[in-house]
């Protein structure tokens, strides 16, 4: 049994360990990786490794892993990376996993400044990256400092502005809040839609020379070949779409491109090393094949993948809508509960007030009852005295009668009796007056008692009403491989058909131009960052970008411009650079 070989493959967000046989091919290892991570859009990707000369190289799929120039270490180290880029991410990247791998790789390129990104776009992209990681902003969860552990902006951008970490976080947070309701997967796609408009996105640069020996850059991307001046990798000067190229070949350091236009001369340039020409050839073949494939109807497999992706997206949207609905219901229930609690507290307070009023009324009633009793006793005393006076008056009357009788009987003592009579008469008069006074007082006491009785009845009625108020019940709660040959030359025919004439990429506009929301955000960010910018720290790329903006250029306008004229004119222009 042959001894197995340990292999470690690092994707953009995972580390995979495999044990392979000595005869395992690059394709077998590649297939094992894509199966493990659930990736079906395999045509964009490849396995990268550092060879024995420390050059970054793509693993050849048709050769054994052990037969290639991989460093003999344990485990063997590979990176799973995107080798080819789509023309339009929203049209071509189907699976969420594909979009995520591109997102992470592009983000890394932007943060490392391998892809130039202006400051305002960098902040906007950072907000989409935050949305994809954290979801909707929630002030209860995302407290101050929640982005402290995240690298979100290129070091160049941080150094060019007089803003501290908290101030950067505040700005990113504002835009994070703007993306409320956006699915994490949609935030990833929005990030890529903006990033693909960056001039250096998806471009592989190679240092070349023309026949004159001028130092230039060759850019190989999804749309064709572009030529750049040595000091400007943002603005290509000449462009050749894949649809104009018939054959590509190299012999040692010389690279030859034959155009479809037979009247046009060969497009020749020189690379510093043979291995670079091998890589250019592999990239040209892969990008050309994908360029042609895009201009044909989708294969059954791609159609199925798109249908499945649509279904999955629809399912996620349904789940999201359901979650949002549940969230709203929960929030409404919480508000209703708070309202009920508030009403309960108000009713309890009202009940307390009623109890206090009842207690006060009870005390007043008791006081009035006591006062009524006192007045009744006083009335009884006055009545008793009146009765006593009446009795005394009667007795005086009787005495008077007796005296009169005595007067008749005793004429002798008439004068004396007359005198006594006068006295008794005066006494009777006094007693009569006293009786009338007492009767008047008794009547007054009677009236007061009657008034107190009426107040008492009224208070009893109020108390009865208060006591009959119902008790408030508490409410219820609710590949293309690089050539294997050791030879110093290789050639590839780039087949073309009727679809090759489709150059729809020249009609494209940037996301900022067609999306008013993105345009508005970028304008606001440009204005916001201008005050904090340190102009002395501008880089060459910053100045080139600013000049392009001033002239109204963007990636696609430049593309249209550099493809003007026939192939011969552009090759002549390249030779004269």
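In case you wondered, yes, glycine gets a Cβ from its N, Cα and C as well.
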Listed range which Swiss-Prot flags as region 'Disordered', given the options 322-342, 553-573: 322-342
Among 90, 132, 207, 407, residue with annotation phosphoserine (source: Swiss-Prot): 407
Motif '[IL]-x-C-x-x-[DE] motif' range according to Swiss-Prot, out of 115-120, 121-126, 133-138: 115-120
Which listed residue (79, 139, 165) has most other Cβ within 10 Å, given these are modified residues: 79
Three-state secondary structure, residue 407 (phosphoserine) (per DSSP): helix
Modified residues listed as 74, 407, least Cβ neighbours within 10 Å: 74
Nearest of the modified residues (74, 79, 116, 139, 527) to residue 407 (phosphoserine) - Cα to Cα: 139
By Cα-Cα distance, the member of modified residues 83, 117, 139, 527 nearest residue 558 (phosphothreonine): 117
DSSP helix/strand/coil residue counts for the motif '[IL]-x-C-x-x-[DE] motif' (115-120): 2 helix, 0 strand, 4 coil
